[in-house]
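J.: One structure is given below, represented as structure tokens, and several questions about it will come after.
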Amino acid sequence: MKYKEPFGVKLDFETGIIENAKKSVRRLSDMKGYFIDEEAWKKMVEEGDPVVYEVYAIEQEEKEGDLNFATTVLYPGKVGNEFFMTKGHYHSKIDRAEVYFALKGKGGMLLQTPEGEARFIEMEPGTIVYVPPYWAHRTINTGDKPFIFLALYPADAGHDYGTIAEKGFSKIVVEENGKVVVKDNPKWRM
């Protein structure tokens, strides 16, 4: 039997960059329809189209039993009063779980069942979040510095971004009077 070769890579805890990783960049223009204040979104895109987040992924073949891992650097910012966030997703194989480790900065994870039941878990360096099977999840930067975290997930989990792009999350995370507030999403579709 031919065994897969073990390997090690370096993670820079200051920058969130994993050596030899595949880099993906999401700009605000890549997130049309994700934020409530569409006018503020349009203005920010026209005035510079900021990078919202970067992902550095080490991926394996999509097969059962293997693991992928990735870091995300989620930049601080708001569209209107809604904090910068990742697109969010279910897993294509919805019965797959995931684990997130907060490394730097301040933020949180918004999780949701297919029926719209939602939870928000605050994250700071050292926080580990378990995402159970069947829960959609997105991370949100509620601070003023980059929020960096590491995710570990089954290589065959896949990403279903389409359901979130179409329906959204049932809750949004905004700043009101200097506080982080989780509110009902007026655009959410069951």
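Note: Cβ is positioned from N, Cα and C throughout, glycine not excepted.
Found this in Swiss-Prot, in case it helps:
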- H89, H91, E98, H137: Fe cation binding site (BINDING)
J.: Pick the one among the binding-site residues H89, H91, H137 whose Cβ has the fewest other Cβ atoms within 10 Å in this structure.
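T.: Looking at the binding-site residues H89, H91, H137, the Cβ with the fewest others within 10 Å is that of H89.
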J.: Once H89, H91, E98, H137 are set aside, which residues in the chain still have Cβ within 8 Å of the Cβ centroid of the Fe cation site?
T.: G88, Y90, R96, V131, W135, A136, Y153, A157, H159
J.: If you draw a 10 Å sphere on the Cβ of E98 (Fe cation binding site), how many other Cβ atoms land inside?
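T.: Total other Cβ atoms inside 10 Å, all chains included: 19.
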